[in-house]
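According to TrEMBL:
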- A:167-372: domain 'ABC transmembrane type-1' (DOMAIN)
- A:21-43: transmembrane segment (TRANSMEM)
- A:75-94: transmembrane segment (TRANSMEM)
- A:106-132: transmembrane segment (TRANSMEM)
- A:171-192: transmembrane segment (TRANSMEM)
- A:199-227: transmembrane segment (TRANSMEM)
- A:247-271: transmembrane segment (TRANSMEM)
- A:292-317: transmembrane segment (TRANSMEM)
- A:354-372: transmembrane segment (TRANSMEM)
Amino acid sequence: MSDAAIPRAMRQPFGLKLASNLFLIFWLLLAAFPLFWVLAMSFKSPVDAFSSSAAEVIFGPETLAKGDGLSLIDMALGIAFIWLSIKAAVKWLMPMAAGVGTLQRVFSWLVICAGFAVMVIVGLFVVLPWILAPLNALAGPLGTPILGLTTEHYYAVWVENAFWQNFNNSLLVTAGVVTVSLTVGTLAGYGLARSGSNLAFWILIVALVFRALPHSVLVAGYLPFFINSAEWLRPILGENAPTLYGQPLAVIAVLVSINQPFTIWMLRSFFQSIPEELDESARVDGCTHFQAFRWVIMPVMWPGVITTGLFSFLLAYNDFLVTSLLLDASNQTMVPAIAGYFNRETTTTDQVEAVAAAVSITAPLFLLVMVFQRQIVSGLTAGAVKG
Amino acid sequence: MKPKVFAMFVGPSVFLMLLFIAAPLISVLVNSFQVTQPIVEVVEVETCTPGFLTQTCVTEVKTVPILDDFGKIQTTTKWVGLQSYANVLELDRVGEAISSGAWGNILQIDFWKALRFTLTFTLITLPFVLGLGLAIAVVVNNATKAVKGPVIFVSLLPFIITPVIGALSIRWLFYGDGIVTVWLEALFMTDISVAANGWAVEFLMMFYRVWHVAPFAFVIFYAGLQTVNQDTLESAIIDGASRWDRLRYVIVPHLMPLIIFITLIHLMDAYRAFEEVVGFSSQSQRITLQWLTYDLLQPDDAGNRAISRASASAMLTMIGIVLILILPLRRTWRDHKGG
């Protein structure tokens, strides 16, 4: 819309526009600064990371003095490499993901993501340094490091402290929660959206009450049972009755159920936006309810399912309370594991490692927002604007 | 849809909710009235050490837990009525504080301390979340189209981030010689120690919550702003309404259902605040009701978990949830009856 198209009375005086944009910039700084700062700290040696001068945290003179740093050429080539790989991913990899059938598409996406990750890691940490070493030596002033940057804390966290085990546990728990809660949730959401009965209304209301429950209340109910479950279940399951405490599968079941009220509310509102005539016509053509659901409704429901899946993922990935109480140290997920870091933080090195672990946990979420921004926004507004 | 088909669709979900939400609730309610303790017996033990001429023998009275055939400690479960509630509420100490006139002492008791903080936390953050969310929505709506996408991206970050990590990232800016503390010290020329001051920690926890939830309010308000009736706005202009009047009398009433929605969600979520205590390590200064239950569930030094006290504190927390939900539920019920 050009300025002339706006009625005169709606046009804004310069002062108001300035104030509005200044406030916007202020908010963006406020939103991004803590995250940016943590990112900057994670790449610096402890002296720099906790320096009282902002410039030292960003440029890292101590880190540089220890011999870890990037020159201008490093930075230029690194940025170019990242930019090119994003371009390549969008241009070549995305079309390759087109497959027939949902399962196949999911599978090819997984393969492509894994392949891309390997390519980027090899490129960034093997190929680039190999090219850059002689190049820096030749380039003179352009080749001398100016920005202190070290990945030693990431190495310490992931390799030495075996954070990858926690990563695996997180992966297992979130994958389980998303799959099960979507399967169970879509069925229920469809049933609730298509039934006008009083029972459906009451199920939704009870689900709303359940959504408000503090999770610690529920965990207080599970704990005594989970710890003694081997004894309690022995009459039913015989000698190999499991102790549920510390079992990722038990945690998946718990998180799915805690998540269920929210999931069915959200999926119901998505199903309601699909016209009922669609399943009626399928039923006229001789489909059962379930066939109509599977072959007519589900194909148009994918956006809603993806959005709900994102929120299930967030709940499982971000959870601290349930996983820290129901899992033991040997199969802890990432978020409770980081609590261990800052509780025992004694030296500044430990603290920077905690910062690096925090950044590692945040990075997947960052990618998630980048890829699925539109779905997240639509998910947030789905419940509010329609209901 | 026939009841049988409906049951097949909804069945698995309802089963999960009954098994993992309703059943634990009942078990928590029952647990809060009973206490499980190991059975102990008092035995006299005579220990003798060799000595010259005669042995030196000492007889001691010890309490030992009774073991069952498998060598596990036998436990007994006793019905104690409201005893666990009394242990959590510590009404005798409250009475003492009131009769001696030292009202502040009530806030030394864990439960009342947690209740006080949770309530102030919930109520003070609410207007800030609504206000900041609305302000960002209006400003973004006002911005050029090209910047909207990136702006929404950056705004979503505080909302999407793991709550514990978000709290930590703000803690690292302030605690110790955090960079913002250094700036504030330079500004006011004093020494500031954030972590040692309970009120500063409390302020930071509220600041984090507003930072974390405002994007959620922003997205919803922003969506609501797209549906404001342009004709009403124009007629308001013709009637001579100023910008402020238009916001006050056209836009805010239009957003009213959304304001109520966000208020409800925020009350529910802030009331069960928990991650702030973990992220800011504030347990010695400020605790929330949910953290109180969590703490009682953690094994103590001897490896015991105070299940019955945790259950009692959980049930007390529930009372607040019921109070928050009564009004909206009554409204939904009336709508259902009417519609």
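Keep in mind that glycine also has a Cβ here, set from the backbone N, Cα and C atoms.
The list of residues near the transmembrane segment (A:292-317) in space but at least 6 beyond its ends in sequence, with Cβ under 8 angstroms from a Cβ of it, reads 170, 173-174, 177-178, 181-182, 185-187, 190, 255, 258-259, 262-263, 266-267, 270-271, 273-274, 278-279, 282-283, 335, 364-365, 368, 372, 375-376, 378-379, 382.
Counting Cβ pairs under 8 Å to the transmembrane segment (A:171-192), the stretch among A:21-43, A:75-94, A:199-227, A:354-372 with the most such contacts is A:199-227. Sequence-distant contacts of the transmembrane segment (A:247-271) (same chain, six or more residues past either end, CB-CB distance under 8 Å): 169, 172-173, 176-177, 180-182, 184-186, 188-190, 192-194, 204, 207-208, 210-211, 215, 218, 222, 226, 297, 301, 303-305, 307-308, 311-312, 315-316, 319, 322-323, 326-327, 331, 379, 382-383, 386-387.
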